[in-house]
Structures are given as C-alpha cells and as structure tokens.
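What TrEMBL annotates here:
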{"type": "BINDING", "residues": "C:HIS195, C:ASP201, C:HIS331", "note": "Zn(2+) binding site"}
{"type": "DOMAIN", "residues": "C:25-362", "note": "domain 'DUF4910'"}
{"type": "DOMAIN", "residues": "C:75-166", "note": "domain 'DUF2172'"}
{"type": "DOMAIN", "residues": "C:364-439", "note": "domain 'UCP01524 winged helix-turn-helix'"}
{"type": "REGION", "residues": "C:1-20", "note": "region 'Disordered'"}
Amino acid sequence: MTTTGERPVTPVGEEPVTAPGGEMYTLVERLYPLCRSITGDGVRATLEIVDEYVPLQVHEVPTGTRVLDWTVPQEWNIRDAYIADSTGERVVDFAASSLHVLGYSVPVSATMPLAELRPHLHTLPEHPSWVPYRTSYYKPDWGFCLAQETLDALPDGEYEVRIDSTLADGHLTYAEHVVPGQVPDEVVVSCHVCHPSLANDNLAGIAVATFLARALARETPYHTYRFLFAPGTIGAITWLARNQERIGNVKHGLVLACAGDRGHLTYKKSRRGDAEIDRVLRHVLASSERPHEIKEFAPYGYDERQFCSPGFNLGVGSLTRTPYAGYPEYHTSADDLDFVSPEAMADTLAVCREAFAVLDRNRRYVNLSPYGEPQLGRRGLYDAIGGRSDAKQAQMAMLWVLSLSDGEHGLLDVAERSGLSFDTVAAAADALAAAGLVKA
Amino acid sequence: MTTTGERPVTPVGEEPVTAPGGEMYTLVERLYPLCRSITGDGVRATLEIVDEYVPLQVHEVPTGTRVLDWTVPQEWNIRDAYIADSTGERVVDFAASSLHVLGYSVPVSATMPLAELRPHLHTLPEHPSWVPYRTSYYKPDWGFCLAQETLDALPDGEYEVRIDSTLADGHLTYAEHVVPGQVPDEVVVSCHVCHPSLANDNLAGIAVATFLARALARETPYHTYRFLFAPGTIGAITWLARNQERIGNVKHGLVLACAGDRGHLTYKKSRRGDAEIDRVLRHVLASSERPHEIKEFAPYGYDERQFCSPGFNLGVGSLTRTPYAGYPEYHTSADDLDFVSPEAMADTLAVCREAFAVLDRNRRYVNLSPYGEPQLGRRGLYDAIGGRSDAKQAQMAMLWVLSLSDGEHGLLDVAERSGLSFDTVAAAADALAAAGLVKA
Amino acid sequence: MTTTGERPVTPVGEEPVTAPGGEMYTLVERLYPLCRSITGDGVRATLEIVDEYVPLQVHEVPTGTRVLDWTVPQEWNIRDAYIADSTGERVVDFAASSLHVLGYSVPVSATMPLAELRPHLHTLPEHPSWVPYRTSYYKPDWGFCLAQETLDALPDGEYEVRIDSTLADGHLTYAEHVVPGQVPDEVVVSCHVCHPSLANDNLAGIAVATFLARALARETPYHTYRFLFAPGTIGAITWLARNQERIGNVKHGLVLACAGDRGHLTYKKSRRGDAEIDRVLRHVLASSERPHEIKEFAPYGYDERQFCSPGFNLGVGSLTRTPYAGYPEYHTSADDLDFVSPEAMADTLAVCREAFAVLDRNRRYVNLSPYGEPQLGRRGLYDAIGGRSDAKQAQMAMLWVLSLSDGEHGLLDVAERSGLSFDTVAAAADALAAAGLVKA
C-alpha cells in the first residue's frame, strides 16, 4: 500500500488463483463488520485489507477541495453509538451492526423521552425484522436505524442517546491499482467502498474487482487496467476532477456492484449505448448462454452516472447481478453474508475475465490480399488447422476474417456476423496474421 | 373580418372556452346548409360565420391567376337547381340539400325524357337511400346527385331540368388567422372549406381549427400559429404560390379533416416521416393511451399532398379521426349532423392542444455543468420538489435532462428515452434552467 | 464460338423461346455425361455445346499465369480409369460415370491388394448406394469414388488400378457472352462449369444462364449483360485478374447455381447487403409470392466469394434453389438428371428475367414540377389511364412517382414505399416522363 505519488512496489503474488469464489467470500467476510462511509477510517481499513490482495495506491484528498461541481466534505468518524433504556441496557447498539447509526450522524449525547426520539428513528415497517441503511451526508442530522419490531417493543420512557462521532476537516480517501498493459489506452474498473455492513452492495463488488485485478496482474494485458476503489458519487467525482488530463486515455470502463447475489447477471449499457464495452458484454453474455439481461442506460444507479455524464460521456457500463434497488434486501440488514454466495461472485468474475479477454483482442485487421480470396492451401492454412476437431469452423473463421478485414470491422463484428465464437475468430486472425495475410 | 392587406382588429373574446364540444357542434350546424365549392359565395358565407369566432383575414384571388402549375378557375355560384316532373313537382331539389347538384355544374334549362337525363344522374346503388357528393371542377358538365331509390321511383316521361348557376370570372376565396408567437417560426394549421353539406368532411375540421385558434389566441404561444381556411387542393396551392417567401418560416404544420366522427384518431405522418410534428403526435397519442393509429405518408388525402410535395417537403402531417375515404358515409349525404359528435370534436381539439403544448416546449437544452452530476441538493433542487407526490419522478426527470442536454437531444427525446411524461420532463428543465444548470 | 480477341458474329436466333424448361432440360441432358474439371477438354466440350445456343467468346489462359494471389494450374485430361478385379472385370469404371475418379488424379497403373487400395477409395457410408464427388486440385493424389455397397462387395485380393490421365502445362478455359445494352454499365451473370456429372450443381445453372442470355439477346437491355461460364474459384479469379480495368463498369451481378432442384428459391445477398441487386431480388421474390428465402452474405458458397472479396466488394448476389451443401444429394451421384426438373429451371429463369427487368428500369427520376402537385387532368394524364381496369392504381402510382422523384429515390423505392407493383410504378414514370413532368 502506497500513498499518492508513489507507485506500488509490492510484488504480485505468484500462487495460482484457485477457487476464487471461496477467497472472494473470505474477503467479503473480513470487510463486512467495518463501518464504511464516504470518508473516514472505515474506508482506510477496507483499503488496507484489499491491499493484502493487490497493492493499492491510496489517495487522501483534503476536506474543502473543489472537485467539479462539488466540494470534498468533512471527514466523518464514529467510535460508538447507542440508545440505552432507563436500566442502562443498550436497546440499539452500533457495536452490533454498523447499520444502526444514520451515516454522517453529528454527535449527540442526551436523554429524552421516546416521543422526542422517534423522529430520529428509521425502520422498515414492511420488513419488521430488518434494519434499514440510511445516511445524511450533506444535511447535518443524527439518527438510528433499527428493526420495526425492536421499536415496537420499546416502552415509553426516557432513553439515553449517544453518538460518539466526529465530523471535522480531514480527507476523502480512495485507492487505485493499475495493471500496466501493452498500450496506454485504459480500461477503468470501478467499485464503491462507502457502504457499511452490506454484503452484496458493495462488498461483493470490491471482492470481484480485487480478484479481477489480481488475475490481470499475472499477465500483461493489451489494455492498461485501472482499478478504482472509491466512495460512491463524491469519490468518482473526485477521481474525475483529479484526472481530467488522463480521461482521453480511458477508452472503456466497467462499474461493478451487486456482484454476489444469486440473481442472473445484468449489464447496463453506457450512455453511448453502442460503445465497444457495450457490444463486448452483450456478446459475452449472449454467447455464454447464461440467463442475463441487457438494460439501456439511465442516469441513475452507481458511478456510471459520473463517468457517463455528458461532458465525459465515457464508454463505461455497469455489471451487476440483480441491479440497483432491484431486490427487497437492498440497503437493509438482510443484504448480509447469507445474501451473497461464492458461486455467484465466481460467476461474475468469470464473465468479467471473458469480457476483458474479448476487449483486449478485439482489433481491426486489414486484409493484405483483398482482391479475391488468397490461396490458403498454398500457405498450409488448411493443413495448419486440419487436425483440429473444429477444423471446419476454423476455416470458416479465416474466410470471415478475410472478408470483413477492410479496416471497418473488428473481430467482434466478425464473431457477431459469422455466428462463430470470438475465440475461434481471434485464432483465425492470429493464423492469418502469422501468414502475412492480415495486419492489425 | 378583414380583407387582404389589412390586419385583424377584432379583439379576441375574453370569455372562457367552456364545453368546446357543444360550441363546435353548434358551429357545424350553422355551416351545414351552405353550398360550398372551391369558389363562390358559399365559401364567403362560411368564412363570415367563422369570423364571428376568430377574426379572419380574407383573400380574394382573381380568376386566371397562375398559381404554381395551376390557374385559378372561374368562380361558380348557384341559386337554384331542380328536376321537376310533368306535374311541375320538384323530384330533386337543390333547396333540400346542396349535395343534389353536381359541383361546378354549368347552367342548364331544358325539358328532356328520363332516358336523356339519366347520364347526368349520379347515385349510389350500394346505398340506395344516400345521395352521393360529386363535382366536375375542370371539365364543363352538369348533373344531379340523388338517392338510388328516388331514381328508381321516377316514371318515364319528360322532366324539366334547371340549374340556375353561373360560372364566370371572379375570385377564389380563402382566409387566414394568425396567432403571433414568441418567435416567427410558424406552425400552419390547415383545413379545407370547399365541401357542401358534409359534416365530418369538412365542417368538423373547420370547427376544430376555429376553436384551436381561439384557444391559442388567449396566450402568446412559443410558435406563431397560422390557421388556413381554404378550398382543397387549389386553395392550398394558391396559398403556397402566394407565400413562397414565407415558406422558410413554416417549421411544422397539421392538416385537420374528418375531425368529428366517432372513430379513433389517426395521424398520418409527413412525407419526411421523422419531422418533429410526427414525433410530437406519436408521443402525445401514445402517452394519452387513446386508441389511435399512426400511418405512413402517402401522396393522397388532403392538403398535406401540397405541403409535402417534394419541392416544399414541409413537416406537415394530417390528423383525422377515421381517415380519408375510410368510412362508407364518406362523400355522401350520410356524412350528416348525426355522423359527428361534440365529444369526438372535443377529443380531437384536446389532442391538438396537447400536441402544440409539446411542440412549443420541445427545445434543446445544454447542460452547463456537464462534467459529473451537478450537486442538486446544494441548490435546493431536491427540496424544491420534495413536497410533490411525484418527487421521485421529478428527480429522475432532472437527471435525464442533465444527461441528455448535450445540444443533440430535445425534451421530447428525453421524455421518450426516460419513459417519463413530457410535462414532468419540461418541468424539470424549467427548474434546472432557473438554477442556471441548463440553457435552452 | 470465337476465341479471345474476336467478337461473336453468329447471329442470335430469331425463333421464339418457347417452353424454355424443356429446352434447358435437354441442354442439361447433353452436358451431363461430360467429365468437367477446372481445366481440360471436358470444359471445352461443354462450352462448344453452349455455343450452339448463344455464341461464346472462349478464353484460354496458359498454365503458370499469375492471377491475383493464385497461379493457373496444369491442365488435366483423362481418357479412361478403372479398377479391375482378378478376372479382369471392371468393378469401378470411369466410363460409367465421370464421378468415379478423384478429380485431378495423377496417372496410375498398378496392381495392388485391396488393403493398399483402400486409402484411395472414397465412399459415403451414410448413403451406401451413392457415389461421392471428390477432387484434389492442388495436392497431387489419385483415387476413386464409389458406392459403399460396391466397396463392401469387393473380395480381398489383387486389383488392377489404372488412371489414364495427364496433368501437364496447358490452359485454363472459360467463356463469355456479352449482350450489349444501352449503357456500358454491366451486370455480370456467372455460373461455374467445373463439375462433372452433377445435374443441379452445376448444369442447371449453366442451362439457366444460357437461356437467360438468349432471352436478353433478343432485345437491347438497358444494362450490358456479361455472362461468364468459368470453372469455380480459379475461373472467377482468372476473370477478375484479367479484367481489373473493367471492374469499375460492373454495377451488379448474380451468381447462378443449384438452379434446377425442386426446393424453393434462395437469394443470398451480396457482401454489401444493401446493393441494388439485393433490393431487386428481395422485391421480386416478395412480390411474386413465391415461397423463398433471403440469406445474409457469408464468405462461402460459389463465386460470389471472389466478386464480393473486400478489394472488389461488388454488388453480386447469388441465386439458387436449395443452396450450397443444403441437400443430401449435394456432391453425390444422386444429383442426377432426376434431381432437376424443367419446371424448376423455368421458374429460376423467370425470376431472373423479372429481376433484370426491374434492374433495367430502376432509375431515379426528378420531378420537374415539384412545388405542389402538377395538374394531371390538364395534361390528360387521368384520361390517358382512365380506360384501364387498374386506373386507380395507375393514378396512385403517378402521385407516388411525383412525390418521391427528388433524385434520392429510384422506382424500386417507389414500389416498396407505395406497395404498388414495380410495373405499375414504371408505367406511371413513363407516362409522367412523356408529359415532361419527370426526367430520369
């Protein structure tokens, strides 16, 4: 773990990434108890743990810094918070769950009757045993979140209310991990790190991003991959504000969230709607025959909102399982460790890897012998593939690559037009390039 | 009512437009008995009545005037026409219905046996009790239209035939009413005034146009609205010929016809097919959840034929209920006062008003804070709308307007992409504009 | 029949083309026994017979000539080939069917046990009574093709094997027939002539091309039609190589193959996908109400592969009945004279003629009176057509032609937009052109 200005030096682990589902689940378990918010030590502790898996460059941005249309807020930290009844028993206790306190609560220390306390209590009447997740980042307030059934059981009377928090000038913290590629063109992979004890939204996304970075770091991918671990909205805005000169390098991006529930995968397109990342995810999901959904862009959800704002308009989509606000457990205590599964996270990770493999190989070739078909047999290109069980497909793939390599079509176009798998098409392009018949 | 060269001075009525269906029906009843044609006093009498509702500027164009590829014909007027049997009884009588005489019949005064008369008699054998509507504008002829059952009842014998008409140099008459807008860009609303006693085709269209003009005149709309009351084909051609220097100002248009029958609404697109008026009507009809039909352009129907001729190619569509020639009563005596209803006319009027409200507000905005989302909360834009029951939709609408306000998309695009109502989107744009976040 | 450099002088027959299905079938019968390959006397004999129907210009291209990425191979000729058993009886005999020898077999004269012979024997186990068609053009080899049941009946023992062929420097032979048109813009119609005794693939294509040429030669079509009778792949490549300066004139093309089986027609689009020939065939097939299929381009099949290679990218589609490799009899002895029918060939021919009639008349007109509708009645254009039973359609067609004749739309666009038949639209354009209202 390094801080701004230094480059990561920790060597990337050499061990094979086995059973990533289990490892990701372990990471989620470790992160679960921490009380994250858009600033503060919970974020730092989270990044320290992630740094054990992939080396992070951590950035600390002072309160008050102007970032685009926003200003970095004061830093919030909390040590303890509870409501105690007249016997001194804690009926609501932050130590039991970080969800119990309204995020960014100002400090309070008072005794008051239940009636006076009620406006500060947040429940979910429709799910009486669940604790909701609530925040008040930009309007000073304090409050507690609790189960409706807990509230219903509270007798009238005086309660001691205490929130031992501080809201003071400090920093906003975010981190990056860069996997250098063969070209400076970047793919940004972003996940938010500002939610407290919620497993699917956001810990599964953090875990998948972490293991995706670790997998890519074992090779030299074509693109440079930049992983961003930042608080939602203000974190992405801060990164964008501080990297405006770099934005031109960002060719593609993916926001990861809700990556661990048992629902099927959902890809939400970039604002452009036909960005290369959109086409890659559509192709990978369709050809994988996984149940999935492709959604049009909407200016709501996660940090694709910022990356796709019209001034930037980056080709950044969002991959989730069940999407934003699409499940009852969303932003409640029921989004817990049981709500996510190792298998689901492994599946999300696998699709990301497939998608980036396609993205990295999706180049446009030019047929160097475009008048009539070149004589493949003379060059051993039928033989070269004759022994393979998919010889016929490989031959068709060569003809398709030759046909469409006019500088206008990439290999993904070839795969889509031909109905062949991207791998078959890419292998054909490699064989043709080796024979000097096409050039990237 | 003014004539060419003068501007209307009659003040627009101050009374509220209530129950317009009933008022429009009364107007149709008043106009029904008049014998209109493409020229003559019937048109003038019609325009005099309309002028009681909205002040008209009447134009008189002399016979022989060259108008585009056409020439203004002689003026036709008729005082009486009948067929009388040997006892002197009128068996067909123009006084009973203006439909009984072939439009533009030359004068005739003769006695002849039925056999000689027959070629001049027009009937509808498939509807024996209906009288057809027939004309012969450009080939000198005379004739009578009658019910097949009337014809069947005529005994052989001598008949007195008399048409007291004149066909002589005179004028073609049409009228305009202009509602000045905030900008000189014009919307032309056109209806034909050349059909005699036919209620749906054309009186309902005249009535809806009249009340639409009256409603718009109570406000200062964004566009300038030009209402055109003119005989079909030759009237539109005459207007186009005399206003060629103004055509560049005509940005949109709507031809109104068959506006009062009980069928559902039908919008026929302009020749362009994707003109703004086409998109507006499609959106308003779809979001109104009225049963309706959208038809592609065809070079047949009403005066959209002239406005959409390839040299002009204006964005002019046509709104009808049951379209041109789409009902058996079309161009027969069965298109009478029972065939139209106040409710249908009120519904047609309502859709026109909704459509023009959208057209007038459909502007392109530019997001002045396009890098990342602007902080709406700081500007009170969440609060501003917090008290409304549709607060969530209003907030989404602001995000959509910000996202798509790149100079390429208008508010109608935003409504269609977001699935939100145009009103919600336009209100969001107003709020954002007031906050200085977008600019039209 | 002329050879390179001379122009055909044989006058085109004057007799009416009657019952072309029967005549085409007779041509197929005559060509069936010949042993064609990509070079050699079988091709020459084939062209001599075709020349009896339409005069051909025959081209002889020497072995070793470089043609695009390829080289003209040695010429192959065969006089006899057989496998004889120990009694001297021919158990497989080229004299019985040209399919029995592997195409381009090198000469062999030997005696060997069945076990040694087996690797040179090709059968179709799934169709034990059929003889497959196999070749080895570019890898020196020899072999026999026979029915699986013939092979199964062969006792072990010694067999005399003899192939009396020659593979020597010579020529590749192809032929052209040009029907001069009113303009030098060319339509290339191509069929392959390299398959031995296979009736559907390729003789039916040769027959349809021949009779199509004969039909066109009776008139002076708008386009110049160039018929190409050439061996597959290497023949098309040779023609392209030798005519590169002419390619700019080739505006459209059609590859004919599998033209005689009883399946429905299949049109495979050019690589462009929206070439005029693609739209013409789609329209003609759709409006003919024949069952048919339209397929997207794929870089596999017949010589459209060469014409559509990305360097040329010509607007050349392919018309077949059941397409390439789409029937079990494909490339087997079951593709025999019973597999094709006179009716199917006549149907293929009829569609080609309809398509070329549309292609020849599909011009863009400009409305010379584009402001408003011109007054058709004054010019007798209603009268001119009044007597026809399709008067209403003819009138609509005139309005459509006037509406769309803006230089952007051709008559095929008019037919498709209007839903009228191409003939009706073209007749309307002729009438309007005669009246000076439109100009091509």
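The count begins at 1 with the first shown residue.
The backbone N, Cα and C atoms fix where each Cβ goes, and this holds for glycine too.
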Relative to the Cβ of C:ASP201 (Zn(2+) binding site), which residues of the same chain, six or more apart in sequence, are found under 8 Å away?
C:HIS195, C:ALA257, C:CYS258, C:TYR330, C:HIS331, C:ASP335
In three-state DSSP terms, the structure that C:ASP201 (Zn(2+) binding site) belongs to
helix
Checking interface proximity: list the binding-site residues among C:HIS195, C:ASP201, C:HIS331 whose CB sits under 8 Å from a chain B CB, in sequence order.
none
Cβ-centroid neighbourhood (8 Å) of the Zn(2+) site, C:HIS195, C:ASP201, C:HIS331 excluded:
C:TYR133, C:LEU198, C:ASN200, C:ASN202, C:TYR330, C:ASP335
Among the binding-site residues listed here, C:HIS195, C:HIS331, which has the most company in the form of other Cβ atoms within 10 Å of its Cβ?
C:HIS195
Which numbers of helix, strand and coil residues does DSSP report for the domain 'UCP01524 winged helix-turn-helix' (C:364-439)?
42 helix, 11 strand, 23 coil
As a quick check of your reading of DSSP, tell me how many residues in the domain 'DUF2172' (C:75-166) are helical, how many are strand and how many are coil.
16 helix, 37 strand, 39 coil
Tell me the coarse DSSP state (helix, strand, coil) of C:HIS195 (Zn(2+) binding site).
coil
DSSP three-state assignment (helix, strand or coil) for C:HIS331 (Zn(2+) binding site)
coil
Do you know the mean pLDDT across the domain 'DUF2172' (C:75-166)?
96
